[in-house]
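Copied from TrEMBL, the annotated features are:
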type: DOMAIN; residues: 24-496; note: domain 'Major facilitator superfamily (MFS) profile'
type: REGION; residues: 500-527; note: region 'Disordered'
type: TRANSMEM; residues: 24-49; note: transmembrane segment
type: TRANSMEM; residues: 69-88; note: transmembrane segment
type: TRANSMEM; residues: 100-119; note: transmembrane segment
type: TRANSMEM; residues: 125-143; note: transmembrane segment
type: TRANSMEM; residues: 164-193; note: transmembrane segment
type: TRANSMEM; residues: 213-232; note: transmembrane segment
type: TRANSMEM; residues: 345-365; note: transmembrane segment
type: TRANSMEM; residues: 371-390; note: transmembrane segment
type: TRANSMEM; residues: 402-421; note: transmembrane segment
type: TRANSMEM; residues: 441-461; note: transmembrane segment
type: TRANSMEM; residues: 473-491; note: transmembrane segment
Amino acid sequence: MASNYLAVLEALDTARTQWYHIKAIVIAGMGFFTDAYDLFCISTVSKLLGRLYFSDGNSTDPGKLPTNINNTVTGVALIGTLAGQLVFGWLGDKLGRKRVYGITLILMVICALCSGLSFGYSPKAVIGTLCFFRFWLGFGIGGDYPLSATIMSEYANKNTRGSFIAAVFAMQGVGIIFAGLVSMIVSHLFLTANPAPPFHEDHVLSTQRNADFAWRIVLMLGALPALLTYYWRMKMPETGRYTAIIMGNAKQAASDMGRVLDIEIQEEQEKLVMFKANNDYPIRSRKFYKRHGRHLIGTMSTWFLLDIAFYGQNLTQKDIFPVMGLTKKANDVNALEEMFLTSRAMFIIAMFGTFPGYWFTVAFIEKIGRFYIQLMGFFLMSVFMFIMALKYDYLATKENRWVFAGLYGLTFFFANFGPNSTTFVLPAELFPTRVRSTCHAMSAAAGKAGAMVSAFGIQTYTLKGEKSKIKKAMIILAVTNMLGVFCTFLVTETKGRSLEEISGEDGSKDKAEEKMSNRGRRQGQET
């Protein structure tokens, strides 16, 4: 370890796992629970919105959201998320992780509640209100990505850091499960109270009037978990790394972390001045790009490619479920029954495919490593997608629907025991403290750009449930995952090393660069 390494950083890196770490995982993780619930519950209610507001009395099919409106309803939150990631990620480095952390939560609570309101009764008013508040909901969600990852990485010790960050992110899986479960319960309760004939028997009565309350309740319940964790989030102290390295307050950092870790830590203000001087270069500098440029390109490109595939699967599953036979055809059910069946199928896939993958990553990330888990995940997702695409006509039959569902579930499993988790972990570890939140935000924003490709591009292939187009979508996703395999080689393994060793803040990269410079000078003099 370099001689100028600070005692507060050494204490954080070697601290035993204790109650405070668990509490930090829960507090940060509940934010991700809310994020996932809010982003994915829209898939369970979008078909209901089509029946309620876009029905044509003369049509032989139930009402559907027009393609452009469907893509906007499901994708507008992703646009907000991208913007929020960049803004709050930058603010997290400028103003402090804790100071900005509470703002994101307040925004999420207010906008989740308002997503269930409407300024008018017309389809235009309802959809307009919904899209407006879901954009700002996404903006708040966006801030949670870089801040939660950065806070957890800066609190954790070097031997369990990957597992802790992955555990925070694993709450996304719980949020997706609850998005399906809550939608399933709400739709079932409304369906029990409001029975109705299927669409083919009665085009009008098959859409229950009270169903208009069901989707609003599902969206508004997303405010509850965020509201419950606000107090505890505000009680968290600023991270020791931010207080020491960015604020330059060694005394406060030693006091805060000493209290949290229940140990006495030396202040070392003079050593801190030297530490800051050695690492005082901006993100837009030749030195940054020389040291971290390849890694930034790697984290941005892999997250971009991953989210094309991951959100493509999540946003289009409502259209693929009928092909699998997990839900009934729209003409054979009423509005609330369709919502219930879609939610149930989403819940089953999430419970047995999505959810376990997150926790496999938590269990094995410190043993296998981030790099190999990401490489394996991208490769196997690509393999399963290619199999489903090439054998689609065989699998998309009643006899083989459970084989299809199994393969589909495996793609979710290896997304989460793979790049969906590691693309969140790596940007929180690879970059220096003063730009860690910003670099994580840039990587996450690249991911949301990929998600928007799915929402506004891939999703158009699946909306009508045409087998030939769904097959094309799966081939596109398989190729995307294979590109992710190659881009993974732009990042490096980080397990078992301190954040300062990884980023070069401990002076190791300065020594290496100085050695190379001296060698170059000697060779120049010899020639």
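Every residue, even glycine, has its Cβ placed from backbone N, Cα and C.
The stretch with the most CB contacts under 8 Å to the transmembrane segment (125-143), chosen from 24-49, 164-193, 213-232, 345-365, is 24-49.
Using a cut-off of 8 Å between Cβ atoms, the transmembrane segment (473-491) and the transmembrane segment (213-232) share fewer than three residue pairs, counting only pairs 6 or more apart in sequence. A contact between the transmembrane segment (213-232) and the transmembrane segment (69-88) is absent, since fewer than 3 of their C-beta pairs, 6 or more residues apart, lie under 8 Å. Highlighted: of the candidate stretches 24-49, 69-88, 345-365, 345-365 has the greatest count of Cβ pairs under 8 Å to the transmembrane segment (402-421). Tallying C-beta pairs under 8 angstroms between the transmembrane segment (24-49) and each of 69-88, 100-119, 164-193, 441-461 places 164-193 first. Scored by C-beta pairs under 8 angstroms, the transmembrane segment (164-193) has its highest count with 345-365, from the stretches 69-88, 345-365, 441-461.
Packing against the transmembrane segment (345-365) from elsewhere in the chain are residues 40, 43-44, 162-163, 166-167, 169-170, 172-174, 176-177, 179-181, 183-184, 317-318, 321, 324, 326-327, 373, 405, 408-418, 420-422, 425, 495: each is 6 or more residues past its ends and has a CB under 8 Å from a CB in it.
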